[in-house]
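Q: The annotation transmembrane segment is assigned in TrEMBL to 20-50, 101-119, 139-163, 196-215, 236-260, 272-291. Summarising the annotation, TrEMBL assigns domain 'G-protein coupled receptors family 1 profile' to 40-289.
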């Protein structure tokens, strides 16, 4: 049986399968969103690097989030845009697997960075006197490094499990990029182990961190309500509500995509939710943090005033 298998060398990304006019409209719309994603996250990363007032643990992790969002979008969106304006929508199988690997790695990193950011806010609000000791630069560097290393190792586990499978067709991926569940449908062997590992990883990387975030913010809420100063309470609420918006968007779409019961149109559901991952979340994150964060807006204002000629 193995001798008769034909190994695929490239696959076709079916994308949105819409009319030409609709795909041209989507190309323009998604190109605009992608530009905003790169611009917004690039500005956030730039002002954090340039403004010494933002050289704190919270903004250190926010800069990592900006890098992840730009990388995440750049892994999926350019190929999607190219496929919207060309009839040849193929991708070689090795680059397809690399796209899957990077997609998983950046998704895992974002989960862990969001958890670390919630822990940072918990320490800052609930233990302010010990904040500089607990969240030292050494601790922050270790937390960031562990998040990146662990995420790539976990994505590597998924990749190794995919590579053990024989792929002999079909040659079509019903998605706009090589998403892992869509890639597994190309295998001509049992993928139960892959599915079990994906579910277990979701429990570990989604449900566990989400529970930690909710516990942290429950204690943060109690601590905020005890703050006597109205200005201090407002500032704490502003910072934490921004983070909760990002957490809700990211974890909500991820849990629905990988852990909720499948709808009658699973392919369409996966494509829509993947757009949240690849495009909408990375674009919204800098808007949420900049519009609801006085320190970021102040740093941006100072940067613009420096550039203005006297």
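Glycine too: its Cβ is placed from the backbone N, Cα and C atoms.
Explain the structural surroundings of these features, please.
A: Away from its own ends, the transmembrane segment (101-119) comes close to residues 58, 61-62, 64-65, 68-69, 71-72, 75-76, 143-144, 146-148, 150-152, 154-156, 158-159, 177-180, 205-206, 209, 212-213, 216-217, 243, 246-247, 250-251, 254, 277 of its chain (Cβ-Cβ under 8 Å, at least six residues beyond either end).
Residues 57, 60-61, 64, 97, 100-102, 104-106, 108-109, 112-113, 116, 180, 183-184, 193-194, 197-198, 201, 205 of the same chain lie 6+ residues outside the transmembrane segment (139-163) yet bring a C-beta within less than 8 angstroms of a C-beta in it.
Residues 108, 111-112, 114-115, 118-119, 154, 157-158, 161, 180-181, 247, 251, 254-255, 258-259 of the same chain lie 6+ residues outside the transmembrane segment (196-215) yet bring a C-beta within less than 8 angstroms of a C-beta in it.
Counting same-chain residues at least six beyond the ends of the transmembrane segment (236-260), those with a Cβ under 8 angstroms from any Cβ of the stretch are 58, 65, 107, 110-111, 114, 117-118, 121, 125, 181, 198-199, 202-203, 206-207, 209-210, 213, 217, 220-221, 224, 227, 269-270, 273-274, 276-277, 280-281, 284-285, 288-289, 292-294.
Distant neighbours of the transmembrane segment (272-291): 30, 33-34, 36-37, 40-41, 43-44, 62, 65-66, 69-70, 72-73, 75-77, 80, 107, 175-177, 179, 242, 245-246, 249-250, 253-254, 256-257, 297, 300; these residues of the same chain sit at least 6 beyond its ends, with a Cβ under 8 Å from one of its Cβ atoms.
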Q: Tell me, what is the mean pLDDT of the domain 'G-protein coupled receptors family 1 profile' (40-289)?
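A: PLDDT averaged over the stretch: 85.
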